């Protein structure tokens, strides 16, 4: 009976060790994926920053991705140039307001 208990304990130890190694491998892969996502976040353009040269590079907000909004600026010389910034479109602001209000009411 003692031999059976020793063999069972040994098997449990081996199984737990091998499964923990597999979990460590998965965690390492997830860590690499998270690092790649973090690099992408660093490269995106934050809210209220200029996006004239990269109109699709705005970061994500709380619920939606910011949109590159452009306006035409007339200089004192009369030249027209386009200036763009990352911002939240009005319909996204309205949706965020409704969701925030719903969270306050329903907890």
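Quick reminder: no glycine exception, Cβ is built from N, Cα and C everywhere.
If you check Swiss-Prot, you get these features:
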SIGNAL    1-20  signal peptide
DISULFID  44-59  disulfide bond
DISULFID  51-68  disulfide bond
DISULFID  58-86  disulfide bond
DISULFID  70-84  disulfide bond
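Feature map: Swiss-Prot annotations on the structure.
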| residue | record | CB count, 10 Å |
| --- | --- | --- |
| 44 | disulfide bond | 17 |
| 51 | disulfide bond | 22 |
| 58 | disulfide bond | 23 |
| 59 | disulfide bond | 16 |
| 68 | disulfide bond | 17 |
| 70 | disulfide bond | 13 |
| 84 | disulfide bond | 19 |
| 86 | disulfide bond | 23 |
> About how far apart, in whole Å, are the alpha carbons (Cα) of residue 59 (disulfide bond) and residue 68 (disulfide bond)?
Replying inline: 10
>> Nearest by CA distance to residue 44 (disulfide bond): which of the disulfide-bonded residues is it, out of 51, 58, 70, 84?
In response: 58
> Roughly how many Å separate the Cα of residue 68 (disulfide bond) from that of residue 86 (disulfide bond), to the nearest whole number?
Replying inline: 4
> Does DSSP put residue 58 (disulfide bond) in a helix, in a strand, or in coil?
Replying inline: strand
> C-alpha of residue 86 (disulfide bond) to C-alpha of residue 51 (disulfide bond): distance in Å?
Replying inline: 6
